[in-house]
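S.K.: Okay, handing you the structure first.
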Amino acid sequence: MQAFFANPAVSWTLLTTGGILLVVIWVLLSLAFLLLADRKIWAGVQMRKGPNVVGPFGLLQSFADFFKFVLKEIVIPAGADKVVFILAPLISLILAFVGWAVVPFAPGWVVSNLNVGILYLLAMSSLGVYGIIMGGWASNSKYPFLGALRSAAQMVSYEVSIGLIIITVILLAGSMNLSTIVEKQSGWIWNWNVFGGGLNNLVLLPVMVVAMGMFYISALAETNRPPFDLPEAESELVAGYQVEYSSTPYLLFMVAEYSNIVLMCAMISVLFFGGWNPGFPTDFLSSWHPFAANLFLALVFYAKICFWFFMFAMAKAIVPRYRYDQLMRLGWKVFLPTSLVLVAAVAAWRVFGPAA
């Protein structure tokens, strides 16, 4: 038995499987309480209480909703393509979770430390729209199909800007490894990429602040989040691509959507706000137990994710929905040329600046 566990292939498989399970459990538990927080924030803006019945302060509301969804009957429309109809939410959910494989929670706390992790994240976030397109087409109904087409157009429009903004971070960090990008931002708060990545690069502060703002807005559009929730606009498409879904498949779509939102919050934290770095030197952690030190840094990272989720929730609560033509105009006529200028500015500084 000891020889079996000493086998490198076996130990790697067990460690990777354990890491995947831990991340999935963490994401699911986080979604349960962040979804409640989203509803509470929305209620607070509208001067009402929000969910407050199930459990103390309504803390168990998400778990009650889970049982409500799971125990309902799965209704499949008569004219729907049954296989694709059921596969669509599963594909959306899987693609929403696989992106977490390269997110570094603390030094060494990452499922797969890929050297091209940032490209992997970009690819996974792009593929998520296929589940929505499949669901809209398989429903054999006008509203879901229109919602799916809107989602595809929206993703294409804003994925370009997200990719170009990521290039500015790659130019600053000199790496596509997410752990390396975070490590480059260690030390004081001015080493974070949003401030230019160090005092020597402080001239890039306005460039990176604009890049961060554009990334945040593009992330709202990428995740079909208000004010860019055109694929599920209630006043036009009832519920968009989710119209014909009920019970567990609907729940899977909702979990996938919120998982993508939290993943985008994690990306903003990693790319611009130092990831697990608290904004001051962490030399004092050398005297701590390694697990305790990493747990502290992981909590710092989680606090940043929660802050950005709060920003997503506030955008949902206070910003009115854009019209479809305004959404496209913003993506192609404003964000695309601006992001190209930002890439050129950072590249010029890296080539001709004092640190060249």
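Backbone N, Cα and C atoms are what each Cβ position is placed from, and that goes for glycine too.
OK, Swiss-Prot features for this one:
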TRANSMEM  17-37  transmembrane segment
TRANSMEM  51-71  transmembrane segment
TRANSMEM  83-103  transmembrane segment
TRANSMEM  116-136  transmembrane segment
TRANSMEM  162-182  transmembrane segment
TRANSMEM  202-222  transmembrane segment
TRANSMEM  261-281  transmembrane segment
TRANSMEM  295-315  transmembrane segment
TRANSMEM  334-354  transmembrane segment
S.K.: May I ask whether the transmembrane segment (261-281) has at least three C-beta pairs under 8 Å with the transmembrane segment (83-103), counting pairs 6 or more apart in sequence?
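M.R.: Counting Cβ pairs under 8 Å (6 or more apart in sequence), the transmembrane segment (83-103) reaches the transmembrane segment (261-281), since there are 3 or more.
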S.K.: What stretch of 17-37, 162-182, 202-222, 334-354 shows the most Cβ pairs under 8 Å to the transmembrane segment (295-315)?
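M.R.: By the under-8 Å Cβ criterion, the transmembrane segment (295-315) pairs most with 17-37.
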S.K.: Counting only residues 6 or more past its boundaries, what in the same chain has a CB within less than 8 Å of a CB in the transmembrane segment (334-354)?
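M.R.: Apart from its flanks, the transmembrane segment (334-354) reaches 158, 160-161, 164-165, 167-168, 171-172, 200-201, 203-204, 207-208, 210-211, 214, 217-218.
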S.K.: Which one, 162-182, 202-222, 261-281, has the most C-beta pairs under 8 Å toward the transmembrane segment (17-37)?
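M.R.: Most Cβ pairs under 8 Å with the transmembrane segment (17-37) come from 261-281.
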